[in-house]
Amino acid sequence: MSLFHFLTLSLLFLILVLLVPLPSEDSMMDNSTDHQNGSTFLYFAYGSNLLKERLQLKNPSASIYCVAKLKDYKLVFGNHKGLASQRWHGGVATIEHCPGDDVWGIVWRMNMSDLESLDRQENVKMGTYSPVEMNVSTSDQDLSCRTRNEVASVSQVIVMGAEQNGFLEDYQDKLRSIETNKYEGPLPVMEELEKALKKSKEKTEVIQSDD
């Protein structure tokens, strides 16, 4: 990796850390207690679950923990079994080992009570993906998080999630440049997301008007 590449990635990481608030000291203490008693887990999302409204459709306990990156991996679309997602009418988003590359994502803190619904959402039993534990990096520590090495996603939702979380424009452009299968048919899950996004927008507007 060149010095320029290294400095660029370092700057990108610092900007992301500044854009997403870090947990407060009290929150960190609460999280530590929760992890110790096994009531919560950390989940690293890099695909469609970057978008808050997507993840919270079936997993209401999900709360943003921090921005992080998975080192030496890249984001690709496909499936080692040759399966397409019926939900998204296309390939699935997955991570592939690639020295020198990074996958940016969001670490969510979730209640263990949502673990079953998360697995169901991502079709674990159908073999669409396998849950794995991986170490991701923040500005000052490594975190062991649950993630997916094959996750059903759609590029549009991934881009929306990257925009929502303030990822650097270069990374957003990289996501937008990924070629899709151009499917334009109906997607029930997108209809759900549009309703959730509309509701979230209306809630934000009400809060802003009160201020």
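For all residues, glycine too, the Cβ spot is worked out from N, Cα and C.
Copied over from TrEMBL, here are the features:
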ACT_SITE  Glu122  active site, proton acceptor
BINDING   Tyr43, Phe44, Ala45, Tyr46, Gly47, Ser48  substrate binding site
SIGNAL    1-19  signal peptide
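Projection of TrEMBL feature records onto the structure.
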residue : record                       : CB count, 10 Å
Tyr43   : substrate binding site       : 24
Phe44   : substrate binding site       : 26
Ala45   : substrate binding site       : 27
Tyr46   : substrate binding site       : 26
Gly47   : substrate binding site       : 28
Ser48   : substrate binding site       : 27
Glu122  : active site, proton acceptor : 25
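Nearest Cα neighbour of Glu122 (active site, proton acceptor) among the listed binding-site residues (Tyr43, Phe44, Tyr46, Ser48): Ser48. A helical conformation is recorded for Ser48 (substrate binding site) in the three-state DSSP classification.
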